[in-house]
Amino acid sequence: MTIALGKFTKDQNDLFDIMDDWLRRDRFVFVGWSGLLLFPCAYFAVGGWFTGTTFVTSWYTHGLASSYLEGCNFLTAAVSTPANSLAHSLLLLWGPEAQGDFTRWCQLGGLWTFVALHGAFGLIGFMLRQFELARSVQLRPYNAIAFSGPIAVFVSVFLIYPLGQSGWFFAPSFGVAAIFRFILFFQGFHNWTLNPFHMMGVAGVLGAALLCAIHGATVENTLFEDGDGANTFRAFNPTQAEETYSMVTANRFWSQIFGVAFSNKRWLHFFMLFVPVTGLWMSALGVVGLALNLRAYDFVSQEIRAAEDPEFETFYTKNILLNEGIRAWMAAQDQPHENLIFPEEVLPRGNAL
């Protein structure tokens, strides 16, 4: 019996091999298979946002002006969510709502679902791009894993939260002032700042900023090979093989400052990865909870005592009153389709009003 060993070669490359060769070719901007998802979705999401903020009104969905054409600026323009009556419709251009009429589609808020869905898939494509490139150059995929944090936040806030509510109407509109309004809405209707998942998110993001600042400063402080350049950026060759800072010196410094310090670079950098990504994931989980209308902490005993004793008040009870004010003043303005009318005597009044 004879066994022939050799490399199997096909006489002619199939379509997959041809596409793979072109997509993964070494070029200035890597395309890759992930680029088939990333580039079209990112293009349509960004293009839809610029189109909406430039030309499209929110008069028919929110009773607002939201475009440059109507007099808004960069901070006040937005691509607004569809009307509440449209619930969770995908608002396809060719769907039963718009029936192929582009103007009507824009008036109904079709650009919001267009931007949100293409944006979500664009972010996923960017994460897949990091996976693909990491595999190509034989790196571990931690960059892609880290980027899952922002994706989780985007998907939870813009997609899962409104899916748990009555419609896309209650998602954030894509604009600076619109996001601020959404933050106030979250506080007034969900007491979001007292939610433990929000607390973990704040700790993660601000803790990561602190770690980043400390790490950068420590590396700069422990440089031990000065070059001939006029400053740090000119002094070193970006392709040099050897390190030019001292981990030992940094460890000694922080051991004296705190009593403890990282002695292992892998653990240090994993910690810098873990803190912000975990914070973002926790905040995303919290928003999923809000989609189901799960409540934050309720200190009912303090509320009862504050109601019975005029001299007893805590920062918590003051915040509860502020939330009531936000709801009462915001609901009528924010949800004009409900035709809410609150008599003056039930609207909260205080020093700030």
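Note that Cβ sites are derived from N, Cα and C of the backbone, with glycine treated the same way.
Record features, source Swiss-Prot:
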{"type": "MOD_RES", "residues": "T2", "note": "phosphothreonine"}
{"type": "MOD_RES", "residues": "T2", "note": "N-acetylthreonine"}
{"type": "TRANSMEM", "residues": "41-61", "note": "transmembrane segment"}
{"type": "BINDING", "residues": "H118", "note": "chlorophyll a ChlzD2 binding site"}
{"type": "TRANSMEM", "residues": "125-141", "note": "transmembrane segment"}
{"type": "TRANSMEM", "residues": "153-166", "note": "transmembrane segment"}
{"type": "BINDING", "residues": "H198", "note": "chlorophyll a PD2 binding site"}
{"type": "TRANSMEM", "residues": "208-228", "note": "transmembrane segment"}
{"type": "BINDING", "residues": "H215, H269", "note": "Fe cation binding site"}
{"type": "TRANSMEM", "residues": "279-295", "note": "transmembrane segment"}
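Structure coloured by features recorded in Swiss-Prot.
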| residue | record | Cβ within 10 Å |
| --- | --- | --- |
| H118 | chlorophyll a ChlzD2 binding site | 21 |
| H198 | chlorophyll a PD2 binding site | 22 |
| H215 | Fe cation binding site | 16 |
| H269 | Fe cation binding site | 14 |
Top Cα neighbour of H118 (chlorophyll a ChlzD2 binding site) in the set of binding-site residues H198, H215, H269: H198
Contact call for the transmembrane segment (279-295) and the transmembrane segment (153-166): at least 3 Cβ pairs under 8 Å, seq gap 6+: yes
Nearest-integer angstrom distance between the alpha carbons (Cα) of H215 (Fe cation binding site) and H198 (chlorophyll a PD2 binding site): 25
Cα-to-Cα gap, H198 (chlorophyll a PD2 binding site) vs H269 (Fe cation binding site), nearest whole Å: 24
Conformational class of H269 (Fe cation binding site) under the three-state DSSP mapping: helix
